[in-house]
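Engineer: Okay, here's the structure, questions in a sec.
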Amino acid sequence: MKIVEVKHPLVKHKLGLMRENDISTKRFRELASEVGSLLTYEATADLETETVTIDGWNGPVEIEQIKGKKITVVPILRAGLGMMEGVLEHVPSARISVVGIYRNEETLEPVPYFQKLVSNIDERMALVVDPMLATGGSMIATIDLLKNAGCHSIKVLVLVAAPEGIAALEKAHPDVELYTASIDKGLNEHGYIIPGLGDAGDKIFGTK
């Protein structure tokens, strides 16, 4: 599995600000979107382009345009919505597929409860976004769902990832690509990433 820890100074700086315990909902939400945008820039660096001719101000001009598979952005509800706008800044014409999966706090197992995928998803590249890759259960369940629907070109974008989640994802889906702003130390006894970001969903939506 291709694993990319994005080490750009802007990514590290913005992620560091997100780790502040008393950060406001507004600021956390803004930074989640901004880091999501920067991760998208990295994740789409290998997209193929083609030369096309358009009408320029002084006659025909050749330009480069992205070719190949169309894109669907797949936020995992609910926290993934906090990264979605940042992703769409770079791929504004992408279709949006939504997957709802929550983690049972006692068993740590993923529980699917909603899905709405775009048509012709088998012809698209999926950018799956979720702030945290902890145990990997929710991400694996989401990718299972996408593959069952025919989508096999999948890239995962997360703000922070635990080594345990990375190992689980690689074992289940070695063909996906992972882009993260940080590979953190690991999980605590409750399955939360350390140092992590706390509950990203609560911080994005202002709930407890």
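Cβ from N, Cα, C; glycine included.
What Swiss-Prot records for this protein is below:
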| type | residues | note |
| --- | --- | --- |
| BINDING | Arg78, Arg103, Asp130, Pro131, Met132, Leu133, Ala134, Thr135, Gly136, Gly137, Ser138, Asp199 | 5-phospho-alpha-D-ribose 1-diphosphate binding site |
| BINDING | Ile193, Gly198, Asp199, Ala200 | uracil binding site |
Engineer: Taking the Cβ of Gly198 (uracil binding site) as the centre, count every other Cβ atom within 10 Å, in any protein chain shown.
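Structural biologist: Step by step: centre on the Cβ of Gly198 (uracil binding site), count other Cβ atoms within 10 Å, giving 17.
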Engineer: Between Ala134 (5-phospho-alpha-D-ribose 1-diphosphate binding site) and Ile193 (uracil binding site), how many Å separate their Cα atoms?
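Structural biologist: Distance (Cα to Cα, whole Å): 6 Å.
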Engineer: According to DSSP, does Ile193 (uracil binding site) sit in a helix, a strand, or coil?
Structural biologist: strand
Engineer: Cα distance, Gly198 (uracil binding site) to Gly136 (5-phospho-alpha-D-ribose 1-diphosphate binding site), nearest Å?
Structural biologist: 16
Engineer: Given Asp130 (5-phospho-alpha-D-ribose 1-diphosphate binding site) and Ala200 (uracil binding site), what distance in Å do their CA atoms have, once rounded to a whole number?
Structural biologist: 9
Engineer: Please list residues from the chain of Asp199 (uracil binding site) whose Cβ is under 8 angstroms from its Cβ, counting only those at least six apart in sequence.
Structural biologist: none
Engineer: Other than Ile193, Gly198, Asp199, Ala200, which residues of the chain come within 8 Å of the uracil site, judged by Cβ distance to the Cβ centroid of those residues?
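Structural biologist: These residues sit around the uracil site: Pro131, Met132, Tyr192, Gly196, Leu197, Gly201, Asp202, Lys203.
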Engineer: Given the binding-site residues Ile193, Gly198, Ala200, state which is nearest to Arg78 (5-phospho-alpha-D-ribose 1-diphosphate binding site) when distance is taken between Cα atoms.
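Structural biologist: When the Cα distances are compared, Ala200 comes out closest.
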Engineer: At the Cα level, what's the spacing in Å between Ala200 (uracil binding site) and Met132 (5-phospho-alpha-D-ribose 1-diphosphate binding site), rounded?
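Structural biologist: Rounded to a whole number, the Cα-Cα distance is 8 Å.
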